[in-house]
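Heads up: the structure comes next, in structure tokens.
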There are 2 protein chains.
Amino acid sequence: MRVPAEPTVADLDEQELLARIFPHLPVGDATLVPPGDDAAVVATPDGRTVVTCDVLVEDVHFRRAWSTGHQVGLRAAAQNLADVAAMGARPTALVVGLVMPPTTPVAWVEALAAGLGDGCRPHGAGVVGGDLSSGPALMVAVTAFGDLEGRAPVLRSGARAGDVVAHAGRRGWSAAGLALLLAGQGGADDALVDAFRVPCPPLTAGVDAARAGATALMDVSDGLLRDAGRLARASGVTLDLADPCVAFDDDARRLAPAADLLGVDVREWLLAGGEDHGLLATFPAGAALPAPFVPVGRVLARAATDVLVEGARPAVGTSGWDHFRA
Amino acid sequence: MRVPAEPTVADLDEQELLARIFPHLPVGDATLVPPGDDAAVVATPDGRTVVTCDVLVEDVHFRRAWSTGHQVGLRAAAQNLADVAAMGARPTALVVGLVMPPTTPVAWVEALAAGLGDGCRPHGAGVVGGDLSSGPALMVAVTAFGDLEGRAPVLRSGARAGDVVAHAGRRGWSAAGLALLLAGQGGADDALVDAFRVPCPPLTAGVDAARAGATALMDVSDGLLRDAGRLARASGVTLDLADPCVAFDDDARRLAPAADLLGVDVREWLLAGGEDHGLLATFPAGAALPAPFVPVGRVLARAATDVLVEGARPAVGTSGWDHFRA
């Protein structure tokens, strides 16, 4: 008896493959001309549009052995929408360039589309276009758009001495989940491993921060210290962060058993762990921080160092993530 | 004596690589917040924006042995801006997701950036963002934006029986150039090989077609017959094309020596050749066609066949390009 092979993308032509993908994709509240023509048309009633682009590559950003297609789709949507939120904007749409080896199962592609759709739908954002190609590895290139709703974009460069530094979202969960997987201990804490597979950025907190008067705002993708350094340099200030085990006490407690299991200093994950896609913001002193922002430090006049922890140069976690170095 | 190795992207960190790339990229007339923050902000004074996405993958869409980085950059810009033009819009901006093996020479990446910039600059379009990643092959994922300037988008679905079918741009040059390269005869006609390496879409003709009242408009990327079939189905009509050797007489004459050399029927290139990124349009009968559009057929009421050539079902060139099939 012959077991039928799982259908791959090589078994379908482009139209047939698109017919499997389209039903999973939300049209989006702002979509005026949906996919199917040479280009889509998206409403931008503000007269400006926020634009960002992020690429996920198999065996660089995800492994098919570790993540389902649905999880990769959710992650691709989340990390792009996080960059939109980090401008203080509301996500409206995304487009997806998808490169696939001919051996890619059709079911994996459908799951990816469903994940992209599920990541966009709660925000009213549509998947308005894309391109399919064959290639030597799976690559998902997403471009996302956002609406500033009449507000000024909140840049990295607006922090001023005297401001409060605040953070919204998880810290260190993704790095801890990845460390567990790499150590073959993925079963020790499903929630942390899931946090690596699919980040949960506080997407609505970006607009809330803008409304509350945030002076600077950014997505934390490469680790708190490294991204805080970027904000500090862009603003011409120094950030003095509080003890991370106090500022992020809930996260520190949550990560402690995994850190003990792997013999890792939990501060390393809190300060240097990437891919959680929390939001780092600065607010004028005395401003009421919108939930779920918590105060994590203060802004000082520019000093010799971009970022301090409890007033001192940090001993761990300054390297972050670099794609091209071993 | 040791010859210094050519620097590769693995020799630079992300900031150093971006510092090599940014000087080549035009800011663009519509760019309000340039690259460097979480996202860019682009002006969309029309209240709508045209969005399209196209991916180029090494050894699928280009070979480094055949094309320089500058040529790949020009091509990536041109084919995306062609999709913007095919909506009747003016290109404003693009973003670029770039995946590179660590062995990629820095000089190749700089040349790619210069090609992207040179492809955008004449149109006032900016390169407003992007993402860099390592990966197993070179991949360039471009998303482009356009401004409708108050006009309705010109869709594929607007052709009506009685309209004139018109075409602007080259026909068959890219296919002929590729055929020469594949036959090892690239030296026989540099201009055709260059047309494969870098298409020259008639980008301003899209806006001109919209202003002249085009009823339907599309980019011809997969071959005239295949794309005309798409326009016919979207509009619920049949297109009756003229003899291609008459309608495209200049192209037919230009391609004849290469066709003779390779023993190819020049109609195959004219009808089925892809990647020239000409514009296919329909106009009301009697409309003055804006240059460089030429009449190439007429629109009939919907019949059993999407596309006819001189009233008959075409004998060649219906297959076009499919990515996942052998």
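Quick reminder: no glycine exception, Cβ is built from N, Cα and C everywhere.
The feature Mg(2+) 3 binding site is assigned by TrEMBL to A:Asp38, A:Asp83, A:Asp219. Taking Cβ-Cβ distances under 8 Å and a sequence separation of 6 or more, A:Asp38 (Mg(2+) 3 binding site) has no neighbours in its chain. Secondary structure from DSSP puts A:Asp38 (Mg(2+) 3 binding site) in coil.
Within the same chain, residues at least 6 positions away in sequence whose Cβ sits under 8 Å from that of A:Asp83 (Mg(2+) 3 binding site) are A:Thr52, A:Asp54, A:Ala144, A:Asp219. The DSSP secondary structure for A:Asp83 (Mg(2+) 3 binding site) is helix. Residues or ranges marked as Mg(2+) 4 binding site by TrEMBL: A:Asp38, A:Thr52, A:Asp83.
Annotated Mg(2+) 1 binding site per TrEMBL: A:Asp54, A:Asp131, in sequence order. For A:Asp54 (Mg(2+) 1 binding site), other Cβ atoms within 10 Å of its Cβ number 27.
Among the features that TrEMBL reports, Mg(2+) 2 binding site is placed at A:Asp54, A:Asp83.
Non-local neighbourhood of A:His61 (substrate binding site): A:Val55, each in the same chain, at least six residues away, with C-beta under 8 Å from its C-beta. The substrate binding site annotation in TrEMBL covers A:His61, A:Glu275, A:Trp321.
For A:Gly130, A:Asp131, A:Arg156, A:Ser221, the entry in TrEMBL reads ATP binding site. Secondary structure at A:Ser221 (ATP binding site), taken from DSSP and collapsed to helix, strand or coil, is coil.
The Cβ neighbour count for A:Asp222 (Mg(2+) 5 binding site), using a 10 Å radius over every protein chain in view, is 19. Positions annotated as Mg(2+) 5 binding site by TrEMBL: A:Asp222.
Annotated domain 'PurM-like N-terminal' per TrEMBL: A:36-146, in sequence order.
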>> On a C-alpha basis, identify the one among A:Asp131, A:Asp222, A:Glu275 that is nearest to A:Arg156 (ATP binding site); the candidates are the binding-site residues.
In response: A:Asp222
>> Rank the binding-site residues A:Asp219, A:Glu275 by how many other Cβ atoms lie within 10 Å of each Cβ and give me the one with the fewest.
In response: A:Glu275
> Over all shown protein chains, what is the count of other CB atoms within 10 A of the CB belonging to A:Gly130 (ATP binding site)?
Replying inline: 27
>> To see if you understand the setup: which same-chain residues, six or more apart in sequence, place their Cβ under 8 Å from that of A:Asp131 (Mg(2+) 1 binding site)?
In response: A:Val96, A:Gly97, A:Leu98
> How big is the Cα-to-Cα gap, in Å, between A:Asp222 (Mg(2+) 5 binding site) and A:Gly130 (ATP binding site)?
Replying inline: 27
> At the level of the C-alpha atoms, what whole-angstrom distance separates A:Ser221 (ATP binding site) and A:Glu275 (substrate binding site)?
Replying inline: 5
